[in-house]
Amino acid sequence: MLNKPVLVESLLVFTMVLSVHAVVWDRFSWCAVALAVQAFYVQFKWDRLLQLGGAVFQFRGAANSGLLPASMVIPLLGVVMKERCRAAGIVYFERFGIVVASTGMLLALFLSVLAVGITKPVPTNTCILTGIAGSVIIYTMKHSLTVSEVIEVLEVLLIFVYLSMILLYLLPRCFTPGEALLVLGGVSFVLNQLIKRSLNVVEGRGDPIDFFLLVAVVGVVLLGLFFTVLFIFMDSGTWISSMFFHMMTAVLGLGVIMPWLYRLIQRNPLFWLLQFLFQTQTRLYLLVYWTFLAASACGVVFYQNAKRSSESKKHQASTIIRKYFHFIVVATYVPGLIYDRQLLYVAAVLCLAVFIFLEYVRYFRIKPFGQTLRHLLSLFLDERDSGPLILTHIYLLLGMSLPVWLFPRSCAPKGTLPGAGALVPYSGVLAVGVGDTIASVFGSTMGEIKWPGTKKTFEGTMTAIFAQIIAVALILIFDSSVNLNSSYAWILASVSLVSLLEAYTTQIDNLLLPLYLQIMLMA
């Protein structure tokens with residue numbers, strides 16, 4: 001049987017699914033509800049497989065499968081994007097939203113079928129539910145998608161299958177099934193979009209910063225796959241291997257990634273980037289300010305490690321210390337959101353590429369910094385970093401950046417959406433930077449009443465909701481582009497549901513919470 005926290009988590013997800021579709025009910029709503037019901041039942045099977053060690057791959061321990069909350073994210077994002085672009089009259093991105101929703105449903109259905117297929121004995125009732133949900137989804141796709149869109153959805157599914165087989169084998173205990181669905185599904189979709197746009201380049205069409213994101217994500221993933229396979233046959237910790245790593249990184253970057261980006265944006269990527277970064281005086285001020293904050297974050301890391309060396313080898317950073325980085329990230333993102341969102345978009349992409357590259361250096365023990373990074377970052381590990389990779393800082397960056405990257409700029413002619421949608425780019429700041437941080441700090445220091453079945457406290461959750469409401473009020477004061485149009489009740493309900501989800505979920509909250517808050521605000 002599912003335990004109480006999982007039941008409450010599922011109830012919260014169902015509430016958000018029904019809330020969104022109460023606003024944007026259409027033929028995809030039936031698919032989403034059917035998908036949610038079957039994902040809830042299949043979650044039983046995945047959790048049992050994880051407990052008995054019967055899953056095909058090794059998944060992250062100390063967490064449930066997370067299939068239901070993860071299964072609904074991509075479909076709901078597609079549905080709300082479709083509705084926003086339909087209201088704006090942008091047909092191309094309305095169709096794009098339909099493709100995103102259909103792709104998310106098919107990926108989630110595939111993961112459900114996989115769990116049902118490897119469960120012994122075969123669960124008859126769950127098979128029937130999965131079959132019904134699959135029939136509803138396929139019937140709706142048949143009457144909603146063109147032939148080219150169906151091919152696109154199947155391409156993403158094929159990439160997802162192969163990428164999952166490779167990465168889940170090479171990186172055991174790094175993901176739960178739900179986290180794998182979100183991360184690998186997102187990477188598969190990005191890779192397919194990059195291939196599609198590379199084959200259909202039209203000069204002057206498309207925003208260069210969008211291409212920059214696609215090429216950067218695919219580039220670092222391909223770089224990691226290349227070196228993972230290579231270092232199966234070589235010792236990555238030697239100087240010769242390290243020199244080869246740096247040389248091949250330069251070759252792949254300058255010989256593959258840069259020409260690829262040049263083909264898409266039709267100009268020299270380095271010159272374009274330098275011109276973009278230093279285009280205005282405001283951007284120069286923001287870059288100097290962000291450099292200072294980055295140096296402060298490095299200072300915290302070095303100081304805490306020096307403290308560990310002087311006190312005890314077993315010293316670990318406390319929850320409050322780890323939340324320093326959340327405060328630094330909030331201080332980084334808020335000025336960017338207010339003064340220059342395009343610069344923040346590009347800077348977040350660059351930061352993601354640097355974070356992933358440094359994780360490769362740490363993981364492969366690349367000289368001269370690999371072992372040093374292992375020592376420095378080991379201080380900040382928690383129970384979620386049970387695999388060979390340290391991903392929590394990357395998840396934090398993704399959680400703050402995804403609302404900025406996924407914001408439908410083409411469907412917001414004035415640069416912002418009406419009503420609660422104006423807060424969409426701030427979803428990461430509100431859910432992770434403010435809500436999760438305040439909940440952890442106040443819950444761990446002053447919390448006494450625990451939510452049933454969890455370590456989270458009632459005081460922490462209530463304080464988080466209150467802090468996010470104050471943050472919304474401050475955004476209204478300092479960001480003149482935000483006009484909520486009296487949608488305060490919806491904002492309060494959205495913040496409350498996401499804060500309660502933070503209390504009950506065992507998934508990576510830095511990744512899950514901003515996406516759900518973005519979905520609720522866009523609806």
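From the backbone N, Cα and C atoms, a Cβ is placed for every residue, glycine too.
If you look up TrEMBL, you'll see 12-41 (among others) marked as transmembrane segment.
Here TrEMBL flags 61-80 (among others) as transmembrane segment.
Residues annotated as transmembrane segment in TrEMBL: 92-116 (among others).
Under the heading transmembrane segment, TrEMBL lists 122-141 (among others).
Listed as Cβ neighbours of the transmembrane segment (153-171) (distance under 8 Å, sequence separation of 6 or more from its ends, same chain) are residues 56-59, 99, 102-103, 106-107, 110, 141, 145, 180, 184-185, 187-189, 191-192, 225, 228, 387-389. Annotated transmembrane segment per TrEMBL: 153-171 (among others), in sequence order.
Residues 166-167, 170, 187, 190-191, 193-194, 197, 241, 245, 248-249, 252-253, 256-257, 260-261, 264-265, 269, 273, 345-346, 349-350, 352-353, 356-357, 360, 364, 405 of the same chain, all 6+ positions outside the transmembrane segment (211-232), place their C-beta atoms under 8 angstroms from a C-beta of that stretch. Feature annotation from TrEMBL assigns transmembrane segment to 211-232 (among others).
The transmembrane segment feature in TrEMBL is assigned to 282-303 (among others).
The transmembrane segment annotation in TrEMBL covers 324-339 (among others).
Long-range contacts of the transmembrane segment (345-365) within its own chain (CB-CB distance under 8 A, at least 6 residues past either end) are made by residues 209, 212-213, 216-217, 219-220, 223-224, 227, 231, 236-237, 241, 245, 249, 273, 276-277, 287, 290, 336, 371, 373-374, 377, 388-391, 393-394, 397-398, 400-401, 404-405. The annotation transmembrane segment is assigned in TrEMBL to 345-365 (among others).
Sequence-remote contacts of a segment are chain residues at least 6 beyond its ends whose Cβ falls under 8 Å from one of its Cβ atoms, and for the transmembrane segment (386-406) they are 60-62, 77, 171-175, 213, 325-326, 329, 333, 337, 341, 344-345, 348-349, 351-352, 355-356, 359, 362-363, 377, 380, 424-429, 431-433, 508, 510-511, 513-515, 517-518. Per TrEMBL, transmembrane segment is recorded for 386-406 (among others).
Packing against the transmembrane segment (458-478) from elsewhere in the chain are residues 338, 423, 426, 429-431, 434-436, 438-440, 442-444, 446-451, 484, 491-492, 495-496, 499-500, 502-503: each is 6 or more residues past its ends and has a CB under 8 Å from a CB in it. Per TrEMBL, the feature transmembrane segment maps to 458-478 (among others).
What TrEMBL lists as transmembrane segment is 490-517 (among others). Residues 5-6, 8-9, 12-13, 15-16, 19, 62-64, 66, 69-70, 73, 77, 176, 178-179, 182-183, 384, 391-392, 395-396, 398-400, 402-403, 419-420, 423, 427-428, 430-432, 435-436, 439, 451, 454, 456, 460-461, 464-465, 468-469, 472, 484 of the same chain lie 6 or more positions beyond the ends of the transmembrane segment (490-517) yet place their CB under 8 Å from a CB of it.
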When you scan the chain for residues with a C-beta under 8 Å from the transmembrane segment (324-339), skipping those not six or more beyond its ends, what do you find?
282, 286, 289-290, 293, 296-297, 300, 347, 393, 396-397, 400, 404, 425-426, 428-429, 432-434, 436-437, 478-479
